[in-house]
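Q: This is the structure, below, for whatever I ask next.
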Amino acid sequence: PLIFILTGIPGLPTSSYWIALPLCCLYLLMLLGNCTLLWMIKTDHSLHTPMYYFLSMLAVADLGLSLSTLPTMLAIFWFESTSLPFEACIVQMYFIHCFSAIESGVLVAMAFDRFVAICYPLRYTSVLTSSLIMKVAGVIFMRGICVVVPVAVLIKKMPFCQSRVLSHSFCLHQDMLRLVCGDVKVNSLYGLTAVILTKGLDSLTILLSYTMILRTILSIVSQETQAKALSTCISHLCAVLIFYIPLIGLSIIHRFGKHLPLLTHTLLADAYLLVPPVLNPLVYSWKTKQIRRRILVLFCRK
């Protein structure tokens, strides 16, 4: 059977408990933060608004993204298990790219939410109805699910070389494609098209939304109102930067940075998959008054 060999952190022994322990802490923090957000949004009726519905979708995407990498990363650093069957690798690759596309789509929906709230505040409740939110959520999840299927189908038919050592602790499409012995033009072309139609188009949509938001804010006479309107976007802007900066860096390195040390590839891939799910709940808990107040109430009761 075709077996891939996963890589830990280059230059360090596979069994590194001083790395495994912080990784476990990060995963626990991710689970605690995102599950707490979901629980608060579900139980607190004051949070049943479009912004928090989109935030709950972001938490689901973050949970899926992190849990996709959890089994192999902990297996490497805790149990020195670096081998992974081909089918399992494809399944992991599918879910990683699927939840990544879903998270990108959710960030677009949240940008639209901020656009309507600031540019058309009187029409906010009439535009962002429950039925529209459900349809948007369905489109986002179906797009993420469907766009990655051809990637998995195409790479499953490819022949692989003798070297089956991957560069990361999990399976990524670009990394698997590097080991193919054969013509990968179709795979590369579809992979690039999928990235452009999801994350590329999403990033442009977010940029356009914030261009219009900024123009509306600058047209407001009162500086206090300007600051208040801008403060409602800070959490979302942080989430966008946390997600897209490692993603863009990883894409550039995979295509143009082959001469860079392997450690650079590994650290950027880990940051892309681990940092957003950990930081997003912290950012929204810190910058959102309702969530911060709810957390303080919970701690005071305890």
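In case you wondered, yes, glycine gets a Cβ from its N, Cα and C as well.
Remember, TrEMBL labels are computer predictions, not curated facts.
Take a look at what TrEMBL says about it:
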type	residues	note
DOMAIN	33-284	domain 'G-protein coupled receptors family 1 profile'
TRANSMEM	17-40	transmembrane segment
TRANSMEM	52-79	transmembrane segment
TRANSMEM	91-112	transmembrane segment
TRANSMEM	132-155	transmembrane segment
TRANSMEM	233-256	transmembrane segment
TRANSMEM	262-284	transmembrane segment
Q: Near the transmembrane segment (262-284), which same-chain residues lie under 8 Å Cβ to Cβ, leaving out any that are not at least 6 residues past its ends?
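A: Non-local partners: 7, 9-11, 26, 29-30, 33-34, 36-37, 55, 58-59, 62-63, 65-66, 68-69, 96, 103, 167-170, 172, 235, 238-239, 242-243, 246-247, 249-250, 253-254, 291.
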Q: Do any residues, 6 or more residues outside the transmembrane segment (17-40), come within under 8 Å Cβ-to-Cβ of it, and if so which ones?
A: 8-9, 47, 55-56, 59-60, 62-63, 66, 70, 73-74, 77-78, 274, 277-278, 280-282, 284-285, 291, 294-295
Q: Quick test of the contact rule: Cβ under 8 Å, at least six residues beyond the ends. What residues does that give for the transmembrane segment (91-112)?
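A: Here the qualifying positions are 51, 54-55, 57-58, 61-62, 64-65, 68-69, 71-72, 84, 136-137, 139-141, 143-145, 147-149, 151-152, 155, 170-173, 176, 194, 198-199, 202-203, 205-206, 209-210, 236, 239-240, 243, 247, 273, 276.
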